[in-house]
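These features come from TrEMBL:
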type     : residues : note
COILED   : 570-634  : coiled coil
COILED   : 689-716  : coiled coil
COMPBIAS : 218-229  : compositional bias 'Basic and acidic residues'
COMPBIAS : 248-260  : compositional bias 'Basic residues'
COMPBIAS : 261-272  : compositional bias 'Basic and acidic residues'
COMPBIAS : 471-483  : compositional bias 'Basic and acidic residues'
COMPBIAS : 505-521  : compositional bias 'Acidic residues'
COMPBIAS : 537-548  : compositional bias 'Polar residues'
DOMAIN   : 22-127   : domain 'WAC'
DOMAIN   : 310-371  : domain 'DDT'
REGION   : 217-299  : region 'Disordered'
REGION   : 471-564  : region 'Disordered'
Amino acid sequence: MPLFKRKPYVLRKPPKDLLADEDVFQVRFTKEIFRDYTEYLSCMKFYRRRVWTCKVSGKTNLTYEEALVSERKATEKVQQFPKEFMGPVLHMVQLSPLRIDELVDRVYKVFKERFVPGEEVTGVRDETPGACRILKVFDQDEDESPFYEVAWLDEEGKKKGSSQTVAENLRRKKQPFSRALLKAFIRESASSGPARNSAWVVHDKLCRKYKIPIQVSDRPKSTEKESKRSSSGKKLTASELQNGVQGPRKRKRTEAGGVKKKGDSKRQHVERVIPQPIRYPIEDTQVKPSASDPPLSERPVPATDFVVPAECTGDMLMVWDFCCLFGKALLLSPFSLEDFEKSLDYREGEAPLLLEMTHSLLRAALTDPVLRDEFQHKRKKKFEVTMANWKDDLCDFLELPSQTVTSSAISMIRQGCYKQVKVLEKVNILQTLVNNCLNSTTIRTQIDGNIGEYQQLVSQKRELEAEEVKRRKEEKELMKQQRLEQANGRGIKDPEQGESLENGGGEDGEYDDAEDLQYDGDDIHPTGWKVKGKRNSFGNHSPVNNGVSGKKEPVEPVSVSRSRKELLKKKVEKKLAEELEKERQRIEEQKKLQEKRKEQAEALAERKLQEQKVAERQKKHEQLEREMEKLFVLTTPIGKDRFHNRFWFFNREGRLFVESDDSSRWGYYAAKEELDALIGSLNVKGIREKALHKQLEKYQDKISNALQKRSKELAQKYAVEEASVRRSERVRTAPRLTGFLAYVNKWRTS
């Protein structure tokens, strides 16, 4: 039960007078029932506040539902606590006033040096180690270590005798529990009051089971008061419920005083009847086919033609991936998975690849101080491991008490019959060496170095992404500003309007500064009127009245030759002006064309520069991704399908592997067409298959290139091997070693 303000929270009981056909509102994870929708919303709002604490793990700032999930997971973890330690630990916890951290440290320190009845340990009898079980503990003074009565066990676990011994002759393979597991077990099995110095009280059921004394007087009184307060009949409001106060609810009645029955509220009826639309993705097994869904392709059947047995395929892949990831630390040059499979199944001799792997893993495992001391204590004389004596070194290591390899395989290796060892036992030996390498100094050093370099690359990648976001934001702002300027009319020039302004008003204004022409004489104007006006297209003047109607003014006589010269002069000047204007327009058009071409060239150069910068950023991003992939120290599956089958892709192998949900069956896809069909068969309405579809599309190019590369390499490899065999038959010489038999460890220093 989650804690609220360090106190157990009591849930509301269902109403006693609840009718069978009454519409109510129920909380999904507590099963509480409400008649009023407002009270239901208030309670849900209270449960969604991050004020709850997990009772088992002690995690805070959780919602009620998150606290329930945390308690369930922690309770499942507590089930791993060894049963023989439950009683002694609870005896120390009962009525202890220490805080949880101090109590955990005290219990852990005590049982780190002491053994309990029922525990199986390794003991020394007549200078010979053997398995035994603790039967009884004889306590001594504080300065003296206790005596133990033990039962000696044979290989089948049956009792073959008993004796008494001291703690110095007994030892464990590993500590029976961790501090985190002990802390969770104490929180699950006991409780303390809300006060800081409250004593721990073990649950009554466990006290009766392990015969722990119960002292009622020492129980915290605050707990009893809280339980009485919670069971009282006080009526509370919705606001008090949000503050964490719990109590029975008042029944909602109508104005007539009757109980509110079904059909009184149309709103509640409508809300319960209208089905809610399904929001995808959902659980894959609940997805139902629909007519509107696009057709899914048929999923291809993965190939299962592995060289090794099916039960050891997963362990073989784990060993191969470990050697590839930590090859530099192991001083083991890379090799293909196919060569590794053939080496395991090779029975005509000792494959050089397995010998190099065994020697490298054994040397790395002995960098662990604990294993090195144990190995040195066994051999006493010679501690160094060499390639020449790899069989004796391996057998001595596998015979250590901390290892779990069968004795039949060890005896066959000592006799020089390593090729007769079964494939399953070979994989088991390599897996044992890999497990011991995980705590070695060599591997830990590389892991720490890879983590540091990986963090640096991640920071560089974040800087690139931040620069890219900033650049896109600036481009967006610039485009927005340009659109705003175009909308307001700024930055757009009208060439016709500019020309008209430069020319001073067009054709009508060409001769505004010239004096008006006046021509006298009867030869030109027989009417005798004084002419003043604008010049028309024929070089004449339109007569203009002087403003006095019906009255003619006399015109003074002018020379005809003079007027003709002036007319010719005006025509020449006009023609010259027109030619000059055309030349000026032509020059301006050329300038505009040159400027336009220049702008286009600059825009093209700018676009090329931007594309080059984008390509450089993309190239740098891909380079960072490749460098980060090289620093991976753990390979994780790409995703799962609806049947919980896991999909694996290794960077150094051109195949996509499929693992069943129980890890009992393995298969693989080796063609690009199979990968495309697999992607097309995934239903994105399911949670797992949508995530898998996203990951496969993300790495589709990478996986496809790896599949095609592997196909080409296999074809080339088979061609080379066939050519080598033909050449040896022609010249009658032994064929050269190829494939896994020609493996040479180029990284081994000695």
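Each residue, glycine too, has its Cβ placed from N, Cα and C.
Same-chain neighbours of the coiled coil (689-716): 281, 284, 638-642, 647, 649, 653-656, 669-672, 675, 678-679, 682-683, counting only residues six or more beyond its ends whose CB sits under 8 Å from a CB of the stretch. Secondary structure of the domain 'WAC' (22-127) per DSSP, as helix, strand and coil residue counts: 51 helix, 13 strand, 42 coil. Helix, strand and coil counts from DSSP across the domain 'DDT' (310-371) read 46 helix, 0 strand, 16 coil.
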